[in-house]
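S.K.: Per TrEMBL, the features are:
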BINDING   Cys15, Cys51, Cys84  [4Fe-4S] cluster 1 binding site
BINDING   Cys153, Cys157, Cys160  [4Fe-4S] cluster 2 binding site
DOMAIN    6-121  domain 'MTTase N-terminal'
DOMAIN    139-368  domain 'Radical SAM core'
DOMAIN    371-433  domain 'TRAM'
Amino acid sequence: MSNANLRAHLITFGCQMNEYDTHLVQSELASLGAEFVDTIQDANFVLVNTCAVRGKPVEKVKSLLGKLRKEKERRPLLVGMMGCVAQLEEGQEIAKKFDVDILLGPGAITQIAKALESHDKFWDLTFRDEVNTYVPPPPKGTLSAFVSIIRGCNHHCTYCIVPKTRGPEVSRHPDLILEEIERLKAAGVLEVTLLGQNVNSYGKDQPGYPSFAELLRMVGQIGIPRIKFTTSHPVNFTDDIIQAIAETPQVCRYIHLPVQSGSNRVLRRMGREYRREWYLDRVRAIKEALPDVVLSTDIIVGFPGETEADFEETLTLYDEVGYDHAYMFIYSPRPGTPSARHFQDLPREVKVARLQRLIEKQKEWSYRKNKRWEGRVVEVLVRGTAKEDGYAEGHDRGNHPVLVPAAQAPEPGLYQVEIKQATPHLLYGEVVGSTAPTTIPLTVM
Ligand code: SAH
Ligand code: SF4
Ligand code: F3S
């Protein structure tokens with residue numbers, strides 16, 4: 001197919017890393033002259049970026065590819081699959097079954113141009129350095145952007161497919177990261193989220209690279225008003241990182257620190273390298289250095305062998321930390337992972353009932369935590385109109401969703417907002433002023 005006639009439709013499942021990768025591929029396609037369309041019907045090339053972390057997203061990909069195969073029977077259509085499912089044997093079988101034309105693993109996405117030139121099926125599952133050296137142009141029309149700083153994961157959590165799909169840790173050269181952020185700044189971006197499966201390990205795999213703490217300080221110097229990062233691993237969340245956050249005002253006091261379970265027995269079976277006491281000590285150190293910190297976490301309920309007593313330890317840990325927010329998942333056995341191979345899955349009713357109890361706990365805490373912001377003034381990055389009529393939506397430095405009357409925030413940007421009312425899910429406020437990014441000191445010692 002000639003690229004000039006390419007009408008591409010991109011569909012993304014999964015995490016922020018996948019969103020970033022889709023943007024990367026989209027930039028490459030744009031440079032080839034592709035046009036982007038909003039529906040499958042209007043497209044002659046559909047590219048699906050896939051997620052393998054739980055059973056559900058894989059099922060969704062299969063049903064989408066089924067639909068695309070039918071479409072292919074009716075008209076010329078090129079189908080591509082990239083991302084985490086593509087990398088797995090399971091994914092390659094899916095690709096064969098659904099007649100997928102282009103298959104690119106997460107480390108091979110820069111091969112998209114070559115894939116489109118090929119007159120045959122094109123499969124590439126190798127990790128290529130280009131995926132880390134490519135500097136995509138700033139995404140259009142957004143004030144908030146992602147920047148990949150490290151790919152892959154060196155941990156071996158027994159339930160997790162990610163090390164298999166994304167391979168070992170490979171840090172990106174700091175010059176490229178800084179260059180990308182400079183470009184985002186020049187394009188008017190106000191918030192950057194540094195991405196990786198485990199950002200805290202940044203630099204360890206490459207001699208001479210800065211540590212994550214040092215990188216945070218370097219990125220702070222650029223002067224983008226808001227810097228966030230995700231995901232952190234409790235084992236690698238060292239004191240120097242906490243100190244760098246405390247001393248770099250651009251870095252938001254928001255930390256996502258997945259705990260997975262509060263029971264040491266379960267943590268051990270999960271292959272998480274820390275124990276409850278270690279985790280709680282990290283939280284203590286964080287709270288001490290960053291008094292207003294907003295904390296969120298990931299929790300898996302119903303890991304094989306999790307007893308009622310184990311689960312209750314997760315509940316008590318939740319109370320001890322007092323999370324602002326949590327992402328909660330029912331354990332999903334992933335083919336080929338150690339926990340799926342060696343352990344018996346718990347009955348679904350048990351898992352669902354525990355999830356319900358945990359959700360109750362989360363709502364209670366989120367409400368309590370959100371209430372604390374009532375009457376305070378926070379900086380909100382307004383993105384645009386909200387689903388709720390008459391409101392504009394945005395988020396504050398702690399990642400809370402915030403709604404303000406649309407008339408008070410006619411343009412996207414940073415506003416000072418007084419929080420009037422909190423719910424378990426979001427904050428309602430009134431604009432008390434708009435802020436130029438300069439309210440934050442732009443040069444730090
Ligand atoms: N590297 C990140 C993100 C991993 S995937 C991290 O370690 O935090 C995001 C979350 O999905 C994980 O934190 C975990 O809570 C959840 N998850 C991973 N594998 C899972 C599985 N097999 N079943 C249920 N949840 C899972
Ligand atoms: Fe998966 Fe664990 Fe790595 Fe996170 S740290 S990506 S949960 S193996
Ligand atoms: Fe999913 Fe891969 Fe991200 S498995 S969560 S898309 S790293």
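Heads up, the Cβ atoms here are built off N, Cα and C, so glycines get one too.
Bear in mind that TrEMBL entries carry predicted annotations, made automatically and left uncurated.
These numbers come from a predicted model, not from an experiment.
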S.K.: Whole-number Å only: compute the distance from the Cα of Cys51 ([4Fe-4S] cluster 1 binding site) to the Cα of Cys153 ([4Fe-4S] cluster 2 binding site).
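M.R.: For Cys51 ([4Fe-4S] cluster 1 binding site) versus Cys153 ([4Fe-4S] cluster 2 binding site), the Cα atoms are 15 Å apart.
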S.K.: Give the sequence-ordered list of residues that share a chain with Cys84 ([4Fe-4S] cluster 1 binding site), lie 6 or more positions from it, and have CB atoms under 8 Å from its CB.
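M.R.: Expected: Gly14, Asn18, Thr50, Cys51, Ala52, Val53, Gly91, Pro106, Ile161, Val162, Thr165, Arg166.
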S.K.: Please list, in sequence order, those binding-site residues from Cys15, Cys153, Cys157, Cys160 with the Cβ less than 6 Å from ligand 3.
M.R.: Cys15
S.K.: With respect to ligand 1, which members of the binding-site residues Cys51, Cys84, Cys160 satisfy a Cβ distance under 6 angstroms to one of its atoms?
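M.R.: Going through Cys51, Cys84, Cys160 in sequence order, those close to ligand 1 turn out to be Cys160.
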S.K.: Could you find out if DSSP has Cys157 ([4Fe-4S] cluster 2 binding site) as helix, strand or coil?
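M.R.: DSSP assigns Cys157 ([4Fe-4S] cluster 2 binding site) to coil.
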S.K.: Cys15, Cys51, Cys84, Cys153, Cys157, Cys160: which of these binding-site residues put a Cβ within less than 6 Å of any ligand 2 atom?
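M.R.: Cys153, Cys157, Cys160, in sequence order.
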S.K.: Any idea what DSSP makes of Cys51 ([4Fe-4S] cluster 1 binding site), helix, strand or coil?
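M.R.: Assignment for Cys51 ([4Fe-4S] cluster 1 binding site) reads coil.
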S.K.: Of the residues in the domain 'MTTase N-terminal' (6-121), how many are helix, strand and coil by DSSP?
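M.R.: Each residue of the domain 'MTTase N-terminal' (6-121) counted once, the result is 58 helix, 23 strand, 35 coil.
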S.K.: Count the Cβ atoms, other than its own, that fall within 10 Å of the Cβ of Cys15 ([4Fe-4S] cluster 1 binding site), considering every protein chain shown.
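M.R.: Result for Cys15 ([4Fe-4S] cluster 1 binding site): 19 other Cβ atoms within 10 Å.
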S.K.: By a simple count, how many Cβ atoms lie within 10 Å of the Cβ of Cys160 ([4Fe-4S] cluster 2 binding site), its own Cβ left out?
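M.R.: A 10 Å sphere around the Cβ of Cys160 ([4Fe-4S] cluster 2 binding site) contains 22 other Cβ atoms.
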S.K.: If I restrict to non-local contacts, at least six residues apart, and a C-beta distance under 8 angstroms, what lies near Cys157 ([4Fe-4S] cluster 2 binding site) in its own chain?
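M.R.: Sequence-distant Cβ neighbours: Gln260, Met270, Gly271, Arg272.
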